[in-house]
Structures are given as structure tokens and as C-alpha cells.
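Read through the structure below, which is laid out as C-alpha cells, and then see the notes.
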Amino acid sequence: MFRRLLIATLIGILAALAVAAFRHAMQLLEWIFLSNDTGSLVNAAEGLSPWRRLITPALGGLAAGLLLWGWQKMNQQRPHAPTDYMEALQTDGQFDVGASLVKSLASLLVVVSGSAIGREGAMILLAALAASSFARRFTPREEWKLWIASGAAAGMAGAYHAPLAGSLFIAEILFGTLMLASLGPVVVSAVVALLTTHVLNGSDSLLYTVHLTVDLHAREYVMIVSTGLVAGLCGPLLMWLMTASHNSFLRLKLSPPWQLALGGLIVGLLSLLTPTVWGNGYSVVQSFLLSPPLFSLIGGIFVCKILAVLASSGSGAPGGVFTPTLFVGLSIGMFLGRIWGFWLPGSDEIAILLGLAGMATLLAATTHAPIMSTLMICEMTGEYQLLPGLLIACVVASVLSRTLRHDSIYRQHAAEH
């Protein structure tokens, strides 16, 4: 047992370093190519001339597509090995190291150039890859899946400052590939990754800053659960739209470089309307939580952003769908909050409350992981008083979504990419 705890600690540190390396690479490329040192792609887009804002995502997609296409052509005769941690956990626990690194580099290119795709996909992949490389050298083969799972959970903890949610991400989404009795090392790796991330960042701040002062009574619980019902309907719709977008790109029969470039060009065109479509949506979520926008502004940004997400994901841009899903959920929740605000006092407080509820419930509706989704929002914001209401709403959203569509967004995304 002591040996496993020691290995879990080392994997947590390795995962945090992998996440930090990807984050610093992003910041370096943003500074070199976009003259941006704020860490916000939205700020970078606002500082660019219209024509640069238009073509930058397309150029990033083209570069990433060429990289992926070139690697595929060079390695056509090689036997296939997983380049995704979920696939590795479901097979023999081995990665194609070269292909995984190329996929992560391609993800870095599309993320830095403004595509509306999440960076957490590459971060978790690199963390799991680091764990796999360590495990293959120093642990017996029968433990490899455990350490890949620990690396993936630690990667999520480092990316989202949410170690418990990262651990439950493994337990809920990958249920059946890892026994619950093995979660001890997974939790240790996730917590160590978070602590290492805090040391590297020089602070232990929450991922999102929220000022929520509303008292929770029966009325608030009704609003939270009703948000879960709406999210349970919207989750399958979002996944259907992603599938439809992906199939539309496939029907064009473009080579990967041109397909990703087209997805980037669509993002660039949308960014001429609003630069908030750039990136994974993190900075927009934070600004909305600090100052909820008006009804019409939420709707306008929401439509543009979801079109950008569909273009990026549908074109095959390598990356995650986690943070974009959080943005969509926030927008749905705040939209409902503004509707409730027509009749109830404290419109901004209601918008923030239901925005957080929307983030949790849409995440639950798309991942079919209600406990993880609830803890994720609480850990990212520190608003643990919402836990009982969010848990009920997330279960409602997950059950309704699973009834309407069996696949989760991660199973769908893995199948398409």
C-alpha cells in the first residue's frame, strides 16, 4: 500500500508538471504570435485588426491539420495504438507516444489560434501519457490502467483545481474500467497534482471568482431543479448538433488540413461579430459571473459562441469539450435567470445562481456524471452551499438526458475524433 501511495504522489507531481508545461507553452505562443500576455484569448482577439482576427483561427487550423495529416501519412504502416486515455483504459493500458504528442501539439496550435475548443483535452492526455510512461518503466503491467487513470484524474485536478471531481470523473465516466476499491491512489494523485499546481502558480486561488450572497430557500431550489430539467433537454440537443456538424464537415470530403482551416475560418468570421467566440470560453464565463449581462447580450453571445464551438468540434479540431460545455450551460442558466428576474427581485443574484446551476446541470446532462458535475462546480467556485440543490438538479438532468440519448459527450467525442 505504501508503494502505491508513493507512486500516486509521484504521478500527481508529473501530471501537474505536464499541465503546467502545456499552459506555459500556450502563454509563450500567445505572446509570440498575438502579442498577448494576459492569458485571455478574448483580449488577444480584441487587440487584433479585423483581418488578422479573421484569418488567425484558419491558419492555426491549417497548421494543426498539416501536422496531423503529415504524421498519419508517415505512419500508415505502423500498428495502431491508443492516442486517447479513455481508449487506453479500455484496452491494454498502452499509448502511441509519438501520435499522442503530435495530437497534443496540434491541439496547442488550434487552441492558441483562437478555435473554440477546450485546452483540457490535451492537458489530461499529457498527464495520462506522463503517468503511462512512468508506469511502464517502474510498475507491473497489471497496474498500468490504474496509473493512467490516476494521471487523468490528476490532469483534471491540475487543469480545473478540482481533485475530488477529477477522481469522480474517473469513477463515473469510466465506470467498469476501474474498480472503486482502487480509487485511493487516484484521489492521492489528484490532490497532489492540485497542491503542485498551487506551488507552481504561487497561489491557491479558485478557478472562478464568484460573489454569491443569495440565501437558499424553497424558491431557489425550485429554480435550480427547473434549470436541471431544461439542461436535461438541452444536453442531448447539444450532442446532436455536434454530431450533425461533424457529419456536415465529413460530407465536404476535405483533407484534414483544409477541414480544420475551414472550421477556423468560421470562428474567424464569427469573431468579427464578437471576439468572445475566441478560445474555450473561460474568460467569458468569469466576466459573466462577476457581472451578469443583459438578456439580449446573453442571447447574442450564446448564439455566436455555440456556432463557433460546433465549427471547431465538427471540423475535428483536437481538444476538449469540457470548458465550452460549461460556457453553454452558464448561458442557458443565466438566460433562465433573467426570465425569472422579470417577476422576482435580485435579478443579478438569480442570474449568477442559475448560471452556476446551468454549468453543473448541462455538464451532468452531457457527461452522465451527476456527482462529478456537482463537485466540479463547487470546487471551482468555492460555493459549497449549493451542493444539495445542484446534486438533485444534476441527477434530474443526467437521468433525463440519458433517457433521450444513451451516449455521453465523451463517448461521442472519442468516436468522432
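Glycine is treated like the rest: Cβ placed from N, Cα and C.
Copied over from Swiss-Prot:
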TOPO_DOM  1-4  topological domain 'Cytoplasmic'
TRANSMEM  5-25  transmembrane segment
TOPO_DOM  26-53  topological domain 'Periplasmic'
TRANSMEM  54-74  transmembrane segment
TOPO_DOM  75-145  topological domain 'Cytoplasmic'
TRANSMEM  146-166  transmembrane segment
TOPO_DOM  167-172  topological domain 'Periplasmic'
TRANSMEM  173-195  transmembrane segment
TOPO_DOM  196-221  topological domain 'Cytoplasmic'
TRANSMEM  222-242  transmembrane segment
TOPO_DOM  243-257  topological domain 'Periplasmic'
TRANSMEM  258-278  transmembrane segment
TOPO_DOM  279-287  topological domain 'Cytoplasmic'
TRANSMEM  288-308  transmembrane segment
TOPO_DOM  309-315  topological domain 'Periplasmic'
TRANSMEM  316-336  transmembrane segment
TOPO_DOM  337-348  topological domain 'Cytoplasmic'
TRANSMEM  349-371  transmembrane segment
TOPO_DOM  372-379  topological domain 'Periplasmic'
TRANSMEM  380-400  transmembrane segment
TOPO_DOM  401-417  topological domain 'Cytoplasmic'
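Long-range Cβ contacts of the topological domain 'Periplasmic' (309-315) within its own chain (Cβ-Cβ under 8 Å, at least 6 residues beyond either end) map to 61, 110, 115-117, 241-242, 244-246, 248-249, 259-260, 262-264, 266-267, 270, 321, 324, 327-328, 413. With respect to Cβ pairs under 8 Å, the transmembrane segment (54-74) is most closely packed against 258-278, considering the stretches 146-166, 258-278, 316-336, 349-371, 380-400. By the Cβ criterion (distance under 8 Å, sequence gap of 6 or more), the transmembrane segment (316-336) is counted as touching the transmembrane segment (222-242), at least 3 such pairs being found.
Per-stretch counts of Cβ pairs under 8 Å to the transmembrane segment (380-400) identify 349-371 as the leading one among 146-166, 222-242, 288-308, 349-371. Same-chain residues lying 6+ beyond the ends of the transmembrane segment (146-166) with a Cβ under 8 Å from its Cβ atoms: 7-8, 11-12, 14-16, 18-20, 85, 88-89, 93, 119-120, 123-132, 134-135, 139, 174, 177-178, 182, 185-194, 196-197, 206-207, 322, 372-373, 375-376, 379-380.
The predicted model assigns the topological domain 'Periplasmic' (26-53) a mean pLDDT of 89.
Taking DSSP states H, G and I as helix and E and B as strand, the topological domain 'Cytoplasmic' (279-287) has 6 helix, 0 strand, 3 coil.
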